Amino acid sequence: MSVVEVIQSIDQNYVRSRIPRVAIVGTGLVGSTTAYALLLSKTPAEIVLINRDKRRADGHVQDLRDAEVFSHTTRVVAGHFDDCCSADVIIITVGVSQSGQRSRLESLNETAAILKNLVLKVARCNPHGILLIASNPVDVLTYAAWKWSGLPPNRVIGSGTSLDTSRFRRRLAEHYGVASDNVHAYVIGEHGESQVPVTSSARIAGMSLENFCRELGLPHDEDMLRKIANDTRATGLEIIRAKGATYYGIGTALARITGAILRDEHAVLTVSSLVPESMGLGEVSLSLPTIITRDGVARVVSIPLDVSERHALEASAETLKQYIAALKT
């Protein structure tokens, strides 16, 4: 082992021996809600809120510290961008607001210009940190962040369809009358219009949906499953049109992903990351069931798909690749 490798190893071991640090860049609705969700999850960490308007970050910190006494394991501070250099996880939430009048892919280049500058700065000073992208369109920007940063693909993750998967499971649970944590089903592909809710390999109590219905004497209604899938796809825009933005769900999803990283959980989550060549989808970032560890992406899992789901996933990948090709920065 060379001297440089020894020093890098020592640096990495030091980073892992101290209290983990999570830097949240952008303290709008999503960033501040993510900090609150992390606080409630009692994830042992120091949360650093970073915002161009320092006064806003300070205000959030004062408010969050009133909740800090109930957590005991999490500390919240306001910081500067330099704090990203020593962070274990850097969550980028800038530019995530949606108007409800534009798709996630329409505002791509505007958000990309902001994001590129941030990503380049982080990559230069923190080669061991994990980038967690929440900015939309998240799949395209996760891919772009990986290209810009030069970081290994396992260290650049997007929130992806983690929120869509939770919405899908909740709707299935409500329909079948079971607790949502007993439903194992995934939404894959793009976090957006071309997402693919997978019903063919969905399971309740270890049984396919069809077998579960047969066991309980329930009707297996394919039309209802299609409605659940469509409702899942439309939920985000419905919330935006009703109240202007979504933040509770995505903030909690980001906290869940961050906790899985810091606790080295080996949890299976549908995050966006660079798709392995073996998947046959080309060079693109999108969501698939993924094992998340302290090093980020440990493995992307291939789940069984029926013919229509496979075609839909391929179409989703092609849609994202078109927008990647149109990226101007």
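We number each residue from 1, going along the chain as drawn.
Placement of Cβ uses the backbone N, Cα and C atoms for every residue, glycine included.
TrEMBL lists 21-158 with the feature domain 'Lactate/malate dehydrogenase N-terminal'. TrEMBL lists G26, T27, G28, L29, V30, G31, N51, R56, G95, V96, A134, S135, N136, S159 with the feature NAD(+) binding site. If you look up TrEMBL, you'll see Q98, R104, N136, P137, V138, D139, D164, T165, S166, R167, T246 marked as substrate binding site. Marked as domain 'Lactate/malate dehydrogenase C-terminal' by TrEMBL: 161-325. The beta-D-fructose 1,6-bisphosphate binding site annotation in TrEMBL covers R169, H184. Annotation comment: TrEMBL describes H191 as active site, proton acceptor.
Here the features listed in TrEMBL are painted onto the structure.
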{"residue": "N51", "record": "NAD(+) binding site", "Cβ contacts under 8 Å, 6 or more apart": "V25, G26, T27, G31, A57"}
{"residue": "G95", "record": "NAD(+) binding site", "Cβ contacts under 8 Å, 6 or more apart": "G26, S107, E110, T111, I114, L115, S135, N136"}
{"residue": "S166", "record": "substrate binding site", "Cβ contacts under 8 Å, 6 or more apart": "S180, G249, A253"}
{"residue": "R169", "record": "beta-D-fructose 1,6-bisphosphate binding site", "Cβ contacts under 8 Å, 6 or more apart": "S180, V183, H184, A185"}
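According to its DSSP assignment, R169 (beta-D-fructose 1,6-bisphosphate binding site) is helical.
Under the DSSP three-state reduction, V138 (substrate binding site) is assigned to helix. When Cβ atoms from all protein chains are considered, those within 10 Å of H184 (beta-D-fructose 1,6-bisphosphate binding site) total 16, not counting its own.
When the binding-site residues G26, G28 are compared by the number of other CB atoms within 10 angstroms of each CB, G28 has the fewest. When the recorded positions V138, D164, H191, T246 are ranked by how far their Cα is from the Cα of G28 (NAD(+) binding site), T246 comes first.
The average pLDDT computed over the domain 'Lactate/malate dehydrogenase C-terminal' (161-325) stands at 96. Taking the Cα atom of each, V138 (substrate binding site) and V30 (NAD(+) binding site) are about 14 angstrom apart. Taken residue by residue with DSSP, the residue listed as 'active site, proton acceptor' is part of neither helix nor strand, so it is coil. Every protein chain shown contributes to the tally, and the Cβ of V30 (NAD(+) binding site) ends up with 28 other Cβ atoms within 10 Å. Taking the C-alpha positions, the distance from D164 (substrate binding site) to H191 (active site, proton acceptor) comes to 7 Å.
The two recorded residues, T246 (substrate binding site) and V30 (NAD(+) binding site), have Cα atoms 8 Å apart. Distance between Cα atoms for H191 (active site, proton acceptor) and A134 (NAD(+) binding site): 11 Å, as a whole number.
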